């Protein structure tokens, strides 16, 4: 049957209109569905945001009510611990008299108060610390812990107190936190007075390194100081802090094996390795973390020139599929097949590096263990598929949360948000 050209054109025109109409309807429905999804996502975000806020204040308010100005709250007994001086002191010997701690939890909460938007409490806390906190105490403390928690907390809060968004009034804030941080940093310098430049793991805040102090330290202990001490130098103009931390880091890197691997523990006087088995977990973890973050924070190529071969060595000798085991730094042979909760920082580090696919792969394995137990156990035996018999606990470590946050920021995936 023949159809006239005019009729054919009419049919084509009708079909075009139908297609356009269907497309409009489809897009409209799609937009409505997406709008509903976006609305639900936004509502869920608001719910979770408020839940996190309540969790923070639950912890913060109870610390202030039952433990402040001591270091940490014991929530079951509603008492306190002065963890900076009690850490590693199992018999609680030689604790300073009349010592009430260093308000450690308050210092660590300062940046959270700003992020949550409670500038009133932030200002109150800053003023209390500036008038009451003193480091001139006869207390033996762990350099690494004091650096990442106390010095880091003070430096971070000082930056927040002076930036354009959260700036405290000049008549209120006169760099008190930076003054405290510098006082603490000066006390740290005594730890670096060794033949190698590698710092002692333990110092006395008042008297420096004590007689007969142990010369053993960890790779993390002497290789995770550059961020806080480097920032302190940049803020004060005093180069000694950054120079001391950088000298230790360079010495540590010079002690690597031909495989570009480092051990776990060493002697700060002799510069000899004491433990050759290594991994990305306890005793080594933040060495890798600080190299990458120092490269981001300070720029330059030196940190990257350490980190890049170290990262490649980890991927070559420690990685087994999505998991990471320990290995001998001299041979690369596997030593311990175990997951430790401190390893969970690694996916976040991989995101900073840009290796998001590898980060996602290892993160899913860590999270699968979390789902299995409800939390991430301190040590999980990969070769036996079970928790370590004597380490069946979870000390509220933040590493998996940090890695999840980085992966969400990189992908915006709702899996990571959940």
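The backbone N, Cα and C atoms fix where each Cβ goes, and this holds for glycine too.
Taken from TrEMBL, the feature active site, proton donor applies to 145, 378. Residues or ranges marked as active site in TrEMBL: 285, 399.
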Using Cα positions only, nearest of the active-site residues to residue 285 (active site) (145, 378, 399): 399
Candidates 145, 378, 399: member of the active-site residues with the richest Cβ shell (10 Å): 399
C-beta crowding around residue 285 (active site), within 10 angstroms: 23
